[in-house]
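Per Swiss-Prot, the features are:
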| type | residues | note |
| --- | --- | --- |
| ACT_SITE | E116 | active site, nucleophile |
| ACT_SITE | E213 | active site, proton donor |
| COMPBIAS | 237-247 | compositional bias 'Low complexity' |
| COMPBIAS | 581-608 | compositional bias 'Low complexity' |
| DOMAIN | 29-226 | domain 'GH11' |
| DOMAIN | 398-574 | domain 'NodB homology' |
| DOMAIN | 616-645 | domain 'CBM10' |
| REGION | 220-259 | region 'Disordered' |
| REGION | 394-577 | region 'Polysaccharide deacetylase' |
| REGION | 578-610 | region 'Disordered' |
| SIGNAL | 1-27 | signal peptide |
Amino acid sequence: MKLPTLGKCVVRTLMGAVALGAISVNAQTLSSNSTGTNNGFYYTFWKDSGDASMTLLSGGRYQSSWGNSTNNWVGGKGWNPGNNSRVISYSGSYGVDSSQNSYLALYGWTRSPLIEYYVIESYGSYNPASCSGGTDYGSFQSDGATYNVRRCQRVNQPSIDGTQTFYQYFSVRNPKKGFGNISGTITFANHVNFWASKGLNLGNHNYQVLATEGYQSRGSSDITVSEGTSGGGTSSVGGASSSVNSSTGGGSSGGITVRARGANGSEHINLRVGGAVVANWTLGTSFQNYLYSGNASGDIQVQFDNDASGRDVVVDYIIVNGETRQAEDMEHNSAVYANGRCGGGSYSENMHCNGEIGFGYTYDCFSGNCSGGNGGSNSSAGNSSSGNTGGGGSNCSGYVGITFDDGPNSNTATLVNLLRQNNLTPVTWFNQGNNVASNAHLMSQQLSVGEVHNHSYTHPHMTSWTYQQVYDELNRTNQAIQNAGAPKPTLFRPPYGELNSTIQQAAQALGLRVVTWDVDSQDWNGASAAAIANAANQLQNGQVILMHDGSYTNTNSAIAQIATNLRAKGLCPGRIDPNTGRAVAPSSSGGSSSVALSSSSRSSSSAGGNTGGNCQCNWWGTFYPLCQTQTSGWGWENSRSCISTSTCNSQGTGGGGVVCN
């Protein structure tokens with residue numbers, strides 16, 4: 001793979017560059033690493049070897065050239081600091097071809113969080129959207145093109161703050177600009193807004209430049225950059241072209257309209273918001289608008305649940321916040337039959353199998369033109385009067401993922417008690433299968449304060465493993481967790497955060513969403529309790545922190561301060577949505593009476609399964625059938641997981657309980 005670290009080396013110019021003396025107003029050619037200002041613009045130039053050079057010209061213009069003797073180089077002109085709202089215009093020539101490994105991009109850094117970002121306008125032989133181990137976040141339209149968004153993680157790599165672990169955000173233009181004479185406009189706010197809608201937040205800006213970059217290649221550029229005017233309006237989900245039918249019965253703030261039809265007229269769908277079924281309908285054979293008029297908040301899914309011979313569902317779109325979201329623009333579709341299996345495709349309006357299409361969050365605004373609220377503060381779904389103690393309080397302005405790896409073990413009971421005492425629930429446990437097998441009796445304690453998911457069986461390095469080896473390791477862990485009485489995991493955190501396409505494919509085949517972290521507490525590296533609490537204090541809405549359940553006693557000592565700091569910021573613990581990997585609100589807080597379900601959804605047999613009569617268990621925002629024969633813990637009845645009444649009602653603050661119609 002080429003170019004996975006391009007841009008990293010720019011950082012070294014900030015740490016050890018040879019500073020220029022007084023900058024001349026005349027053209028000046030740089031052949032040594034340097035940063036500074038020139039004719040009112042910030043510039044950066046770095047190379048690790050070879051003949052690459054950059055010439056500073058008037059205003060925002062620079063020229064560059066490099067040959068195959070240069071391993072890696074990058075340079076450009078722009079601003080320091082950058083900002084979220086700048087509109088960047090550029091023009092000139094980009095002298096590479098499709099065989100050369102190079103980018104032309106808006107490039108920059110932020111702190112708190114530490115983020116390296118790219119808006120790729122053109123590239124050669126390597127498409128950065130294929131970076132190994134990354135996560136795709138869909139696409140949007142800006143400045144006359146579609147941009148595909150991907151996030152990658154860099155582990156212990158150079159940054160503007162030394163060697164760090166951080167995320168890269170990529171927006172990659174499609175179609176790319178090409179080569180030769182080139183010009184364009186980047187309305188950066190559109191990228192910032194779309195990233196933020198997916199939980200990809202920027203921090204405080206450092207530099208921001210229109211950069212040329214090359215890796216083991218040859219080429220040249222002559223680029224002039226300036227601040228311009230927007231050429232492409234607000235961002236929107238790519239491809240959303242259908243208009244809203246004038247007969248729609250909804251779409252205003254606080255309601256959701258689903259436009260759908262069935263193949264034979266007996267298909268049944270549920271509307272799920274924040275993990276709960278809020279409405280359900282039996283479809284006709286022609287498109288109709290189905291209206292939910294409540295105000296539930298959270299992630300939105302349309303679920304098909306009675307697949308049989310001759311039954312298929314077509315979902316045209318939904319309307320929320322006055323915005324139309326086309327089904328074919330949504331990445332998550334576990335019901336489409338493609339590539340020889342159910343759930344084998346994306347971006348389709350068809351539902352051939354039982355499953356769901358994910359439509360984002362109620363507070364998202366993909367088009368930038370919404371009539372309802374789309375701020376993070378609207379993500380709270382609770383009707384509880386319990387304040388902000390626990391994961392669903394009415395004072396929550398956002399939700400974060402509190403996660404612990406490597407359990408269960410001798411520390412688990414102590415940690416569970418601390419979490420309860422400080423109302424820091426729900427949490428997400430990423431368990432090792434071998435520890436589960438040895439300590440199955442601790443599973444119920446973990447489940448009493450959150451959810452349990454997959455962290456491999458033996459915590460190995462797996463990047464050199466075959467697909468089958470990875471699959472077996474993860475599947476063995478799933479079985480251990482289920483044998484101990486927990487539901488089948490839907491999330492997987494790779495050991496050491498190491499990820500490649502093989503690991504990703506094996507996880508997907510097992511129905512596991514790969515989840516890493518936004519903030520590393522460094523508890524595994526000997527961080528003090530104060531340092532761990534300070535790390536947690538960096539969390540923003542939707543983000544996830546890495547901590548550990550084990551011999552790291554400083555983690556236990558930090559729990560009280562973490563809880564205090566989060567409450568002061570209006571942030572509450574949440575669950576991690578398996579569709580997005582983001583922390584979201586539990587759909588309930590403070591007991592079963594706070595669960596907001598419509599009467600039609602409560603009576604639906606599909607909502608709670610065939611066990612437990614007309615009752616079901618709200619387990620930290622996810623609904624499971626009640627066991628009929630098992631009296632305690634989790635069970636397996638009628639070919640699916642179930643939960644006993646006593647265990648369901650044992651959840652702590654922020655949990656749910658038994659819900660009956």
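Every residue, even glycine, has its Cβ placed from backbone N, Cα and C.
Cβ-based neighbour count (10 Å, all protein chains) for E213 (active site, proton donor) stands at 28.
A simple way to gauge crowding: the CB of E116 (active site, nucleophile) has 24 other CB atoms within 10 angstroms, across all the protein chains here. This prediction places the mean pLDDT of the region 'Polysaccharide deacetylase' (394-577) at 92. Cα separation, E213 (active site, proton donor) to the residue listed as 'active site, nucleophile', rounded: 15 Å.
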